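A quick write-up on the structure given underneath.
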Amino acid sequence: MSKLAGHRNVAAVTRSALSLSFVAACVALLSACIQNQPPATLPGTTPTVWTGSPAPSGMLGAEAESMGPPNIITRLNAPDGTQVATAKFEFNNGFATITIATTGVGHLAPGFHGVHIHKVGKCEPSSAGPTGGAPGDFLSAGGHFQVPGHTVEPASGNLTSLQVRKDGIGTLVTTTDAFTMNDLLAGQKTAIIIHAGADNFGNIPPERYSQVNGTPGPDATTISTGDAGKRVACGVIGAD
């Protein structure tokens, strides 16, 4: 055999060895990528390629929760301490979404119930109002909440009424841009109150109704309270 032929054979063997080494390396790399993967459930499919370590348990839920809008959840109780409803305040895009849901049945009478934010974060049964007077349930929560600089009616804390069904269950979802989360939590905080009756929102047309003294339209009490009656459930916003 000539020296030239010998050199050619050696080169061919070297190339073959390198090719086999390259193929073996690829196979090893592919095996490392797909090891411990569950078998495919459909014929002709391959396992999903794994791209990293699994997230710690609960991480995805925690991240999803942290990405949600800021919110406050408040429990509303009757004067005897029985929970009547929950209220969730969510703040996003410059407005608040309030969701109120009754808990249990029989705590609220069927029909409409006025709902307001009150200006003092207190829920004391048989208490006097901030300016004194005869005691009553949750009177220490004061009147309807007004944000700083807002003095006209409807008050900043006026909300849509809650309608309770015949079975004693009710749900309300309403929105407002009349206050922010900081407004509700500032200073002495605020309270959300459900009343015994419906709120007329001071809608007493003067061309149809007059006060007992002959003055047309609603009086100051109707304008400020909506004639919604007793306070039957209360929750301090931000207390939970």
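Using N, Cα and C of the backbone, Cβ positions are placed for all residues, glycine too.
Fair warning: this is a prediction, and the values are worked out from it, not measured in the lab.
Under the heading signal peptide, Swiss-Prot lists 1-32, citing sequence analysis as support.
Under the heading N-palmitoyl cysteine, Swiss-Prot lists C33, citing sequence analysis as support.
Per Swiss-Prot, the feature S-diacylglycerol cysteine maps to C33; the stated evidence is sequence analysis.
Per Swiss-Prot, Cu cation binding site is recorded for H116, H118, H195, and the stated evidence type is similarity to another entry. Around the Cβ of H116 (Cu cation binding site), 27 further Cβ atoms fall within 10 Å across all displayed protein chains.
Reduced to three states, the DSSP call for C123 (disulfide bond) is coil. For C123-C234, the entry in Swiss-Prot reads disulfide bond, with the evidence type similarity to another entry.
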(Q) Using the Cβ center of H116, H118, H195 as the Cu cation site position, which other residues in that chain lie within 8 Å, going by their Cβ? (A) G114, V115, I117, A141, H144, G157, I192, I193, I194, A228, R231
(Q) List every residue in the same chain as C123 (disulfide bond), at least 6 positions away in sequence, whose Cβ is under 8 Å from its Cβ. (A) N77, F138, A141, A191, C234, G235, V236
Q: Inside 10 Å of the Cβ of C234 (disulfide bond), count up the other Cβ atoms and send me the figure.
A: 25
